[in-house]
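Undergrad: According to Swiss-Prot, the signal peptide annotation covers 1-16, on the basis of experimental evidence. Swiss-Prot lists 42-132, 44-60, 59-111, 65-139, 66-104, 73-97, 91-102 with the feature disulfide bond, giving similarity to another entry as the kind of evidence. Taken from Swiss-Prot, the feature Ca(2+) binding site covers 43, 45, 47, 64. Here Swiss-Prot flags 63, 105 as active site, drawing on similarity to another entry.
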C-alpha cells in the first residue's frame, strides 16, 4: 500500500525533464525509472544522503551530483530535446542548461542499464533513511 501511495505522489509531481528522464530510462535500461528507481538505496528518489549502497545507487548519486553542477538550471523542469542516431541518444538544442540536463539524464539511464545486475530490491527497495547516515563522499 505504501508503494502505491509513493507512486501516486511521484506521478502527480512529474513534469518537464523528469518525464523525459523516465522515457530515457525506459528506452536505454528497458525498465521504469518511476517504479524501479524512485525509492531505492540512499540516492534514488527525492533527496539523497549518506553513502551509495551499490552500483545502482551510485548511478543516482552521480546523477544528483550532475544536476548539482548544472548551475543556473532547473534540472527537474528544464525540458530538453534529444534524438536517436544509430541507436545512440544525442542531446540537442541550443540552450546549454537543457543540453546539460539531458546529458545528466542520459548518463544515468546508461548507468542503470550497465548496472542492472547490481539492482537488489530485497535489500535496497524502500531502504530506510536511517541507514543512510554515513558521511557522504564528495561529488
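Heads up, the Cβ atoms here are built off N, Cα and C, so glycines get one too.
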Undergrad: Would you mind checking how many other C-beta atoms are within 10 angstroms of the C-beta on residue 97 (disulfide bond)?
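TA: Taking every protein chain into account, the count is 16.
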Undergrad: Here are the disulfide-bonded residues: 60, 132. Which has the lowest count of other Cβ atoms within 10 Å?
TA: 132
Undergrad: Which residue, out of the recorded positions 64, 105, shows the minimum number of other Cβ atoms inside 10 Å of its Cβ in this structure?
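TA: Across 64, 105, these recorded positions, the one with fewest Cβ atoms within 10 Å is 64.
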Undergrad: From the disulfide-bonded residues 59, 60, 104, 111, pick the residue whose C-alpha lies nearest to the C-alpha of residue 45 (Ca(2+) binding site).
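TA: That would be 60, nearest by Cα distance.
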Undergrad: Specify the nearest of the disulfide-bonded residues 73, 91, 111, 139 to residue 44 (disulfide bond), where nearness means the distance between Cα atoms.
TA: 111
Undergrad: Among all the protein chains here, how many other CB atoms are within 10 A of the CB of residue 42 (disulfide bond)?
TA: 26
Undergrad: Which secondary structure state does DSSP assign to residue 59 (disulfide bond), in the simple three-class scheme?
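TA: The residue in question, residue 59 (disulfide bond), is helix (DSSP, three-state).
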